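**Student:** Pasting a structure below so you can have a look.
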Amino acid sequence: MKRQNIRKLFLIIALLLFPITLYYFSPVLIINAGLNGIINGSFIMFLLMFLLSIPFGRIFCAYACPAGGLQECAFMINDRRPKQGVRNYIKYVIWFLWIGAVAFCYFYKGEITGVDFFFQTDHGISVANIYTYIIYYGIIVLIFIPSILGGKRVFCHYFCWMAPFMVIGTKLRDLLHLPGLHVSANKEKCISCGKCDRSCPMGLEVKEMVKAGKITSIECIQCGACIDLCPQNVLYYKMRPENKNGERDRNQEVRAR
């Protein structure tokens, strides 16, 4: 459980820093930057998310996302498993429309005129006046209300414009057969207690994936909660894919607690 306490501490810090970092995750500011031919902070952050996801999957969501921290606070009100399936594809529709707009703005400008990580911030701070406070609290409501209505991290599942960057990075890693952090399972040891399902902050059906021997959902954020709560040590981290027989490779196991 030490790992989970550390993870939650990081999320709380990320949430407390959100008034400073808001614009560095902005899907709107990057469009304005594109019209000016500027590589801004959110452009760089989205690129870093993509690059980080190649070796570590969606670990940013688990440890550093302020929206994730806010949603986990909402667990006190609603910790039900969210409805998934086709609803999870809403964020990809949002992402494709948005990334198309971003690409158009940069192509329309026709050149990159500079790099300004602090573009349109007040000395690096995002929320610094009445106007930006309105934006900030509007985003808080936009994230928090769906979470208390829909369940665990429902904003991540349905609406997050950042998640697809990490999904693409993870899929690219798998396509190229590169090593990367993922959760695997020794299904023979599973006693079907269901603790993994209850512990998952994304509300995934972990037990069903355990039966298949590997956590295959792209919605997994590599938080390790299922690993830490499993009484039988069924689940574990790996940096390599399963071998041909689907057996666990003990040399690649990661059990840091």
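Backbone N, Cα and C define each Cβ position, glycine as well.
According to TrEMBL, the record shows the following:
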type	residues	note
DOMAIN	181-212	domain '4Fe-4S ferredoxin-type'
DOMAIN	219-240	domain '4Fe-4S ferredoxin-type'
TRANSMEM	9-31	transmembrane segment
TRANSMEM	43-68	transmembrane segment
TRANSMEM	89-110	transmembrane segment
TRANSMEM	130-149	transmembrane segment
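Situate these features within the shown structure.
**Tutor:** Through the fold, the domain '4Fe-4S ferredoxin-type' (181-212) approaches residues 55-57, 59, 62, 68, 72, 75, 80-82, 84, 151-153, 156-157, 219-239, 242, 248, 254 of its own chain, all at least 6 residues removed from its boundaries and within a Cβ separation under 8 Å.
Across the domain '4Fe-4S ferredoxin-type' (219-240), the model assigns an average pLDDT of 94.
For the transmembrane segment (9-31), the residues of the chain that approach it from at least six positions outside its boundaries are 40-43, 45-46, 63-70, 72-73, 98, 101-102, 105, 119-121, 124-127, 132, 135-136, 139, 161-162, judged by C-beta separation under 8 angstroms.
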